[in-house]
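Here TrEMBL flags Q32, H133, N177, Y308, W418, E425, W426 as substrate binding site. Sequence annotations record features per position, and here TrEMBL assigns active site, proton donor to E178. The active site, nucleophile annotation in TrEMBL covers E372.
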Amino acid sequence: MTAVAPDPRLAERAVLRFPEGFRWGAATASYQIEGAAAEDGRTPSIWDTYARTPGRVFQGHSGDVACDHYHRYRDDVRLMAELGLGTYRFSVAWPRIKPDGSGPVNARGLDFYDRLVDELLSHGIEPMATLYHWDLPQVLEDRGGWTNRDTAYYLADLAAATVTRLGDRVATWTTLNEPWCSAFLGYGSGDHAPGRQDPVAALEAVHHLLLGHGLSVRALRAGGAREVSLTLNLACVRPDDPADPHDLAAVRHIDGLHNRIWLDAVLKGGYPQDMRALLARFGVDRRVEPGDEAVIASPIDLLGVNFYQPSRVRAGVGVTCGPANPGSEGCEYVPQDLPVTAMGWPVDATALYELLMRLSTDYPGTPLMITENGAAYDDVLVGDRVADADRIGYLDAHLRAVHAAVSEGADVRGYLAWSLLDNYEWAYGYGKRFGIVHVDYDTQRRTPKDSARWFTDVIGRNGLS
Ligand code: IFM
């Protein structure tokens, strides 16, 4: 019998393909990779201060050098091109561009992003710029930071200055990255800079971040931005007992803080009733001035979704979900019987599928993009190789979840891995590695992990085998 050659169409069918034009890439953030903390006019951000405060960050690590990307960006862009990335999401450092937070533009600060954008474009990589990924100039924090309404207007000034310089080459702009973290970890639990622990301050920060977002959307559009977005770290919050009305009420509160307070304000024209009541309970409703909600609801073109882990809550007596969740008395997080990453975060990709389907139902009409997804594992570099099968498993499972949601109608336009490089993981310093590329912090040598090679294949076939 003659052997029959396999039908190439079968191989085609075995691949889970993403829609034509799906955007693939990776993300980073200024303070986490740039280093050069005192160069070319940059002033300290709240993270420089926080990192220097004893006991705040793992082993006192700071972003002073980080991945030295400020000096090595050309090599990093070349690496991105070798990996086949089509999109690169980075953030600009506010204290580089406006060293005194609100005053004149520092041309040398913008020059860096100008060079970076040109380098990306010359390698065929689409730049996607985020205005605020947590590095508020310390001088602004000294004036109240996000509890001060002025900060919202200063963010819009930063937007105007940045889009004026880069808008001819950067099409896609993001105002804020994960304002939940800025507000609730920065001012509520104090786990992030500036390290304040005050529920009133946290809720004031929510409103001023959202106001800053809306004002920046308008400034970006006025400056000619073609695609304007906001990136949220949204949660899939599940009840411990779906039949228990108290557990469902606990879910509603945590869902309000993580999801609806942001989503409804931006996409539905105003704060949801229960979150409005929460603002009033803490006396923060008086910060909401007439017209603010309309500014916040300025139309966006894309909603960025950052997703890492599911959460589960239940009702209880004498418990709370902690200071990052104001008003959560009577709710608690429940441990989940799931595998965890090196962060201790439970892994369950079905939660991403549920989240995307929920967004499609509750907030239709806004295209979505996964602007961060990934996992930290305790990687080991052996010779020239990091065999990070766990990370590949994580990414593969989450991409399957995205694919399933897309197949059922979710309008997801792209997927960006967090992160391109191992980097400064905030209060965990350099102790946690999220990169698909390993960084040796002593030599600054970059080594693509197995996951990077795997991701290159995924991008190449626009799908999963
Ligand atoms: O490293 C962070 C990033 O800055 C924002 N999103 C979550 C990542 C992992 O914690």
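Placed from the backbone N, Cα and C atoms, the Cβ positions cover glycine too.
In this structure, W418 (substrate binding site) is part of a beta strand by DSSP.
It is 14 Å from the Cα atom of E425 (substrate binding site) to that of E372 (active site, nucleophile). Other residues of the chain with a Cβ within 8 Å of the Cβ centroid of Q32, H133, N177, Y308, W418, E425, W426, the substrate site, are A29, W134, E178, E372, S419, N423, F434. Under a cutoff of 8 A between CB atoms, and with a sequence separation of 6+ in the same chain, the neighbours of W426 (substrate binding site) are Q32, W47, V57, W134, H192. With respect to their backbone Cα atoms, E178 (active site, proton donor) and H133 (substrate binding site) stand 8 Å from each other. Around H133 (substrate binding site), the same-chain residues six or more apart in sequence whose CB sits under 8 Å from its CB are A29, S30, Y31, Q32, S91, N177, E178, listed in sequence order. Distance from the CA of the residue listed as 'active site, nucleophile' to the CA of W418 (substrate binding site) is 5 Å. A strand conformation is recorded for N177 (substrate binding site) in the three-state DSSP classification.
Counting only the Cα atoms, the space from Y308 (substrate binding site) to E372 (active site, nucleophile) is about 8 angstrom. A simple way to gauge crowding: the CB of E425 (substrate binding site) has 20 other CB atoms within 10 angstroms, across all the protein chains here. Long-range neighbours of the residue listed as 'active site, nucleophile' (same chain, six or more residues apart, CB within less than 8 Å of its CB): A27, T231, N233, G304, N306, F307, Y308, L416, A417, W418, S419.
N177 (substrate binding site) is surrounded by 24 other CB atoms, counting those within 10 A of its CB over all protein chains shown. Other Cβ atoms within 10 Å of the Cβ of E178 (active site, proton donor), summed over all protein chains shown, number 26.
Secondary structure at Y308 (substrate binding site), as computed by DSSP, is coil.
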